């Protein structure tokens, strides 16, 4: 039997470009994973007990590391599942305060125990009854008692002798960094400050009503606002300054929720969407009402998804309609060409109004195209810079820096930053970073050519008297949002037509940007799929060279490892899809009732345009007809009176006057 031919050498099958491709994947993964610092997340600050169970939380939509609220949990909430001395060792979180309530002289609730107004004993304060919680309130608000807080594992090296959780991190004096005590403990490096959040009288009233009555106020210090490990949480110990120094453990952590699921690996669908513009469908005959025997009605199918050709054609058509509505003289004989090489969009800087918000509005929650950047911005901008920028010709808005706020531009505008496009700016991020942002209108790269230029191109002339000038749509329509439309309010039909044409172009731009986002997502999937193939080949080669210690040992080279950063990309794109849908809903909700009427009823446009002319003429006749008729009748009457006077005067003769001094004798 013949021996089978040996396969080719492994070296011949190994792609020499494999390490280079792997390095490019790592670089692209890291670049795509970097998001905008102004991106809005759903943040939740949680306070947990010693069992790491959340006992209090507050949520909000803000950029990362810009929202530092005051946390107000109750002291007895922190004692849930703590040591038995607190009386809540078996009490689950988020439960109502346990009873029984206190007895009063005016009203004794059923099952009450002890008189709330009676003298308190020196028993250890607990949280199991209203009377014990009242004792705890008087302890925490007492001038010579109170409580103190010691940091956990995040403390510096010189504080390592402060003990562990068994000592509540307060094994020695001097370990405390904050609290409510007569010596006012403080620190310059700890992350929080803790104090009482209610006066003694208010807390006493809440205790007598059988409620939680020992609220704390946990605020963040400057070192705490600079820390970026809040997602894993930090722990502290709290002890009462009374006999025995009872204590408990609590912690604070930040939860970033609403992260999208993992994207499955599959084929690249980018090329499948490269379709030419769709042709108009021919008119179809109405289906017969009689179904064939055994037949079933077909399920209605939705409209097919637009391809690349349709989206590009929509951009050109929207550009023409907007240009024709604003400058009809420029569209008599011209060519509008969509630029096929990047950059595909350009910004026109505008000086327009923007609003500040303490919470993220709907349009700010739209995680718009942070992966897209602008290489060209024209016009006179309204810039905003971070506080760490070098001095330059920029307008600082100091009023917005006094507290956290989000600056959102008017409709149709976006902020172009060095980190990408964003609908809103976080003033807290600007204070901490060196970002530079400009309020711009976004326009597609559509060049405007006159008819002579096209003729010269067709005739094949290669020599020009001067360099041909190509105007872009941004130069022709720049400032339409802040200038043309804003100034055209109240000018009648012309402003309404311009607004409608601009809205159509704006909708086409948003649709194209959405597809660009989808292409970036598909590119990220392709990179992940390619990295999986490369890693599988690497594992296969390691198995083949297992006797020699693996591929790296056989090649006598250093081993390379792949770090996958595409998880952040998947999370960002999932948020981006959700917020693009919110932006589309906001765009539809912003239309007036007049525009919405035409959008909901297409036949209404033809009907109104048909009957509007005769209806206006009829209204004019009804308004001015009686006046004109009265004037005509009055004119006829005047002419008739003159004719009657002439007829009467024809029957008489004028008498000659008598001479002076002559008498008539008969």
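Including glycine, each Cβ sits where the backbone N, Cα and C put it.
The topological domain 'Extracellular' annotation in Swiss-Prot covers 34-607.
Within 10 Å of the C-beta of residue 127 (disulfide bond) there are 26 other C-beta atoms, taking all protein chains into account. The annotation disulfide bond is assigned in Swiss-Prot to 76-127 (among others) on the grounds of similarity to another entry.
A coil conformation is recorded for residue 116 (disulfide bond) in the three-state DSSP classification, outside any helix or strand. Per Swiss-Prot, the feature disulfide bond maps to 102-116 (among others).
Its Cβ placed at the centre, residue 103 (disulfide bond) has 19 other Cβ atoms within 10 Å. If you look up Swiss-Prot, you'll see 103-112 (among others) marked as disulfide bond.
The annotation Zn(2+) binding site is assigned in Swiss-Prot to 115 on the grounds of similarity to another entry.
Feature annotation from Swiss-Prot assigns disulfide bond to 150-170 (among others). Using a 10 Å radius centred on the Cβ of residue 170 (disulfide bond) and all shown protein chains, the other Cβ atoms total 22.
Marked as disulfide bond by Swiss-Prot on the basis of similarity to another entry: 162-175 (among others). DSSP gives residue 175 (disulfide bond) a coil state; it is part of no helix or strand.
Taken from Swiss-Prot, the feature disulfide bond applies to 207-213 (among others). When secondary structure is read from DSSP and collapsed to three states, residue 213 (disulfide bond) falls in the coil class. A C-beta separation below 8 Å, combined with a sequence spacing of at least six in one chain, links residue 213 (disulfide bond) to 74, 133, 134, 137, 198, 203, 204, 205, 206, 207.
Secondary structure from DSSP puts residue 334 (disulfide bond) in a beta strand. On its own chain, residue 334 (disulfide bond) has 448, 449, 450, 451 as residues at least 6 apart in sequence with a Cβ closer than 8 Å to its own Cβ. Swiss-Prot lists 334-337 (among others) with the feature disulfide bond.
Marked as disulfide bond by Swiss-Prot: 364-417 (among others). Its own atom aside, the Cβ of residue 417 (disulfide bond) has 24 Cβ atoms within 10 angstroms in the protein chains shown.
Taken from Swiss-Prot, the feature disulfide bond applies to 424-437 (among others).
Annotation comment: Swiss-Prot describes 469-489 as region 'Fusion peptide', evidence class similarity to another entry.
DSSP assigns residue 552 (disulfide bond) to a helical segment in the three-state reduction. Marked as disulfide bond by Swiss-Prot: 552-560 (among others).
Positions annotated as topological domain 'Cytoplasmic' by Swiss-Prot, on the basis of sequence analysis: 629-666.
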Inset, instruction - Going by Cα-Cα distance, pick out whichever of the disulfide-bonded residues 116, 170, 337, 417, 424 is nearest to residue 162 (disulfide bond). - result: 170
Inset, instruction - Mind giving me a neighbour count for residue 424 (disulfide bond)? Other Cβ atoms within 10 Å of its Cβ, every protein chain shown. - result: 26
Inset, instruction - Sorry to bug you, but what's the C-alpha spacing from residue 112 (disulfide bond) to residue 552 (disulfide bond), rounded to the closest Å? - result: 77
Legend entry - Inter-residue C-alpha distance, residue 337 (disulfide bond) and residue 170 (disulfide bond) (nearest angstrom): 73
Inset, instruction - In whole Å, note down how far the CA of residue 437 (disulfide bond) lies from the CA of residue 116 (disulfide bond). - result: 60
Legend entry - Within the predicted model, mean pLDDT of the topological domain 'Extracellular' (34-607): 73
Legend entry - Neighbourhood of residue 150 (disulfide bond), C-beta criterion under 8 angstroms, separation at least six: 162, 168, 169, 170, 175, 176, 177, 236, 237, 238, 239
Inset, instruction - Would you mind reading off the Cα separation of residue 424 (disulfide bond) from residue 417 (disulfide bond), to the nearest angstrom? - result: 10
Legend entry - Fewest-neighbour residue among disulfide-bonded residues, criterion Cβ within 10 Å, set 102, 116, 162, 207, 337: 337
